[in-house]
Structure formats: structure tokens, C-alpha cells
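Heads up: the structure comes next, in C-alpha cells.
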Amino acid sequence: MAAHQEKKPSEERNHKSTQNDTPTSQVQWGRAWEVDWFSLASIIFLLMFAPLIVYYFIMSCDQYQCSLINPLVDLLTGNKHLSDIWNKTPGLTYKAAGIYILWVTFQVVLYLFIPDFCHKFLPGYVGGVQEGAVTPAGVVNKYEINGLQAWIITHVLWFANAYYFHWFSPTIIFDNWIPLLWCANLLGYAVSTFAMIKGYFFPTNAKDCKFTGNFFYDYMMGIEFNPRIGKWFDFKLFFNGRPGIVAWTLINLSYAAKQQELYGQVTNSMILVNVLQGIYVLDFFWNEDWYLKTIDICHDHFGWYLGWGDCVWLPYLYTLQGLYLVYHPVQLCTANAVGILMLGLIGYYVFRMTNHQKDLFRRTNGNCKIWGKKPEYIECSYMSVDGTKYYSKLLTSGFWGWARHFNYTGDLMGSLAYCLACGFEHILPYFYIVYMTILLTHRCIRDEHRCLGKYGKDWKRYTAAVPYRLIPGIF
């Protein structure tokens, strides 16, 4: 449901030719023109049940100590009715609404009005104004990359408050977690609905809009490719990166503070979750310019899938491990803690180095070395809507010669480490690895279907050279 940044294995834009008169076949580039019955059924299911899934998980922790089975048992045996559970659920409060409005407004201000300065003094960091990938209509948008700066400013203020100003308790997020859920839902539905209306009546670029004629599909998957307000407020970049991912580490810190408040200590499992997920979040912002070349930006249109997903699904279900550890503190033995830390770090190394190889290959146009050798690749071409021809090189060396999505493999290793830190008493914290496996496998298939439509025979040559998706020799 949005939010994990996955580098496309398919595109390294080289140069474009002059426009020609050859008709172009876009097929699936961007997203599907036609909706099959299975896709429609899946979308209606998600629209109906995804919000309930989020509520069920959070309610299970609040009322059933994170048991996913006991609420169902109570309902099936008649011990409780739905109204009993609902009546015990905290409602929307003015305090939560104020916190959430202030939070989102603060992130908008950081995003729009404070140009990036981190790239001026951090070696190797790429920030400031950067170009995105070419869109199906042939547009190349510019972005103000300042996510790392926003994350630093936000967290400096958080720690300054915790240790000096004491304006609010560090447990403020946990203490208002369910009321904040209603605020996040309101924003998620509001921005998704606005994006759909905007796509119909005042799109940023009409040539990058796609209408299937199916209301549910268009609402969920989006109509506009890059909806914007003004020159710089880009819906996809803002909602994918801010406010959800900036909040991710703050949410975990609030969980740790609550654990300290309740038990007088922060367990090593909570520290592991904070550290490993913190590394992932920092990696996202350090490489935010790279994110402009990922599937979210390069293929997905902006609809409920990204809008609601980034506001609700990401901050509430990607942080389940920390929430679980508030209710069930786990102190791991040293061997287990070290093993989990190593799994998480190795997974991060695979994830980062795989993407680094692709970025190095792209930046140098193939004039580099990967694992000490000149990289191998397959040349291909594709066309935009206006008939402009572009050329790409598909890397088949290094990790990209092992599998077509080996960065996903590293991502899954890190995801498993987060879950293992919680022990084996409950299944709730393991939702994340199950979900990520389904999500990334589906992304493999979805991205490759679009790449086949985009590159045609060249993509078949690529898959023949790199036959496996995730696990060499297996899948």
C-alpha cells in the first residue's frame, strides 16, 4: 500500500531522439487502460476492507493486548458484540485534530518554503532541485529535494522538546494513537477525492491522465500521473515521503518513551526496531533523488492507493512492531539480538548496494565497473505519447545479474528482522513480513507486465538474460 521505495529494474534514460511520426503503443506504461474483472474485484475488496484491517490491528492492541484471535472468538461466541468493541474505541478528539493539523501544516511548510541546504555541506548527498524521470507524455518534472532536511529539523525539535522545552510528552503519539487514526483517514480520503476531481476538471497535465471509465479503479489507482498545485507542491512526492515517513521514526520514538514510562526501561528489542527502521527511513531521505526513478513516481498514478495508503496504511501498519513491544516488552538474549541485528544490516546492505549499482550505471551511462568488471547490459528503446523515442540500457551485471528485483530481496531480509525482534508469542508483528512479501511479489509481476508493454522484444531479451525475479535459482 504505497510507501516502500522500489527502484525499477527497467529504466535508465540515456537520450531522446527527435520526434518522429511513428505511432506509439503505450500498452501498460503508466497503468492499465482497461480493467479486468479480477483487478476490479481486488480493488473493491481493498476499498472496503483495508480501512477495517487497519482498525482491527490497532483495536486488537488497544483492547486485546495485540491478540488477533481473541476479538473474533468473543464475537463468534457471543461474549461481545461489535457495538461493545466500537463503544470502547476512543473517538476523534479536538486534541488529536489539533496535533494532526499542526503536524501536516508543519511538514507542508518544510516541504514548500525551506529550500534544501543539506546538499551544500553533506558530501555525497544530492538535494535541491532535481529532475524526475520522463513521464508517458514526455514530460520531465522538477522537484525540490529537501526530505532529509525536513527529517532533521523535525527530529531536532522533537529531542529539544523531550530534553529541554517539555512542551508535550514524548508519548503524545501513542497516547492519541486511535484518535489520530481518524484524522489520518480524513486526510487520506480528502486528498484522494480531491485528486480524482482535479484529474477530471483541472489536471496538471491532461496528456498524462488516464481514464478507464470505471469509477472504483480510477478512484483507487488515480487519474493524474503527477498532480501538482503550483510549481512545486507535488502530491506524489509529498505524500509518499511526508508526512508518513518522517513520522515513522517519531512514532517509534514515542513507543520507546511509552515503554520507558510503563516499565522503567527500554528493551533491546525496542532499540533494535528503532535502529533498523531508522536506518531504512534515513536511507529513504538520503536517496530521495533516487526515489524519483522508482515505480511509485515513474509508473503509478496518484489515487487512493497512494493518498490514503501513505496517510493511514504506512504509519499505522509499518510501525506494528514498536506498538506490539509497548504491550509485550521483549528482552532478547545477546545472541538473538546480535543475530537479528546482523540480518537487518545484511538485508540493508543488499538493498542499498543493489540500488547503488543501478544508480552508478545510470549516472555514468555504463562507463563504470561493477564488481571489478565492465558492466553488461541490454540496449532497448521506447516511445512517449508524443512519438519521441528514448533509449535505455538494462543492467545485467552485479546483483542485477542474480535477479531482476534483488533489491526487493534485501528489503524482505530487513523486514523479517523487524518482526523477529518481537519474539514468537503473537502473530501480529509478523503481519509486516507477510504483507511485504505479497506486496513486493505483486510489484515484480506488475512492473514486469508494464515493462513488457513498454520495451516489447527488448524486455524479453532481458528476462532471458536474467531469468529469476527474487531468489536466484528458485524464483
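Backbone N, Cα and C define each Cβ position, glycine as well.
Lifted from TrEMBL, the feature list:
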| type | residues | note |
| --- | --- | --- |
| REGION | 1-25 | region 'Disordered' |
| COMPBIAS | 1-15 | compositional bias 'Basic and acidic residues' |
| TRANSMEM | 37-58 | transmembrane segment |
| TRANSMEM | 92-114 | transmembrane segment |
| TRANSMEM | 148-165 | transmembrane segment |
| TRANSMEM | 177-197 | transmembrane segment |
| TRANSMEM | 237-255 | transmembrane segment |
| TRANSMEM | 262-282 | transmembrane segment |
| TRANSMEM | 302-320 | transmembrane segment |
| TRANSMEM | 332-351 | transmembrane segment |
| TRANSMEM | 415-440 | transmembrane segment |
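Distant neighbours of the transmembrane segment (332-351): 267-269, 272, 275-276, 279-280, 283, 399, 406-407, 409-418, 420-421, 423; these residues of the same chain sit at least 6 beyond its ends, with a Cβ under 8 Å from one of its Cβ atoms. The largest share of C-beta pairs under 8 angstroms with the transmembrane segment (37-58) comes from 302-320, of the ranges 92-114, 148-165, 237-255, 302-320. Relative to the transmembrane segment (177-197), the listed stretch 92-114 leads the set 92-114, 237-255, 262-282, 415-440 in CB pairs under 8 A.
Among residues of the same chain six or more beyond the transmembrane segment (415-440), those with a C-beta under 8 A of the stretch's C-beta atoms are 1, 4, 6, 57, 60-61, 66-68, 269, 272-273, 276-277, 317-318, 320-321, 324-325, 328, 330, 332, 340-341, 343-344, 347, 405, 408, 470.
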